[in-house]
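S.K.: Quick paste of what TrEMBL says about this protein:
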DOMAIN    40-196  domain 'CAAX prenyl protease 2/Lysostaphin resistance protein A-like'
TRANSMEM  41-58  transmembrane segment
TRANSMEM  70-87  transmembrane segment
TRANSMEM  93-114  transmembrane segment
TRANSMEM  126-147  transmembrane segment
TRANSMEM  153-175  transmembrane segment
TRANSMEM  187-206  transmembrane segment
Amino acid sequence: MLLLYAVYALGILIINTIYPEIELASYEQSSLKSFIKESPLQAFLMILVVGPVLEEMLFRSLLKPSHYDLAYFISSWPVFIISQYIPEQINSFVKTIFLVILLASMIYIVSQLIPPLKARRIRAWLSKYVIVIWCISSLLFGLFHITNYVTDFIFNIPLLILIMPRVFAGFAFGYLKIKNQKLEWSIALHIINNLIPLLVILFRSAS
């Protein structure tokens, strides 16, 4: 992962030198930086726990899925959509606890409702197209993070360049999931991946 980021940083330097008109600096993660500065404990919770767990369920649970992975995928998307409509004035800890309870409840219910025989057929079909799903989910994972830089979803060359590390990370997380067939491994790498920029932002804020 660190090598990928080093290559990416070198690529950004080259692009800025050759094409100075591409203004990457205009897309700063200002809202994220403000959140970390104003509420560091809540930021740690969201960035290192809630984010990695939910995002891995959203984007990696269909890679060589187990019975519970199917339940993770089916349950995580409604919970994510609901989370987008919770008023901002709601306390973030209350919001997080509510979403965790809702997600856990849905996973349990869905896992019990999916017929085992049908689940095996679905899992076999998904495993057959694992490479295709891996590529699509990694690209979608990158696009998902465009809103880290802009409030409304737009797409242009600077944003395409900025989300490339997320696409690379998506492939890395997916590779772990495919090889180990356990979501815990990709979640762990996701946490480490999020920890690095978080520490950088905290260090810059303190200096």
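Just so it is clear, glycine is given a Cβ too, placed from its N, Cα and C backbone atoms.
Where the annotation comes from TrEMBL, it is an automatic prediction and has not been curated.
Help me see these features in their spatial surroundings.
M.R.: Within its own chain, the transmembrane segment (41-58) has Cβ neighbours under 8 Å at 35, 72-73, 75-77, 79-80, 92-93, 96, 99-100, 103, 141, 144, 173, 177, 183, 186-187, 190-191, 194-195, 198, counting only residues six or more beyond its boundaries.
Counting only same-chain residues 6+ beyond the ends of the transmembrane segment (70-87), those with a CB under 8 A from a CB of the stretch are 54, 57-58, 61-62, 95, 98-99, 102-103, 106-108, 110-111, 114, 119, 122-123, 183.
Among residues of the same chain six or more beyond the transmembrane segment (93-114), those with a C-beta under 8 A of the stretch's C-beta atoms are 42, 45-46, 50, 54, 67-68, 70-72, 74-76, 78-79, 82-83, 86.
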S.K.: Note the mean pLDDT of the domain 'CAAX prenyl protease 2/Lysostaphin resistance protein A-like' (40-196), expressed as a whole number.
M.R.: 91
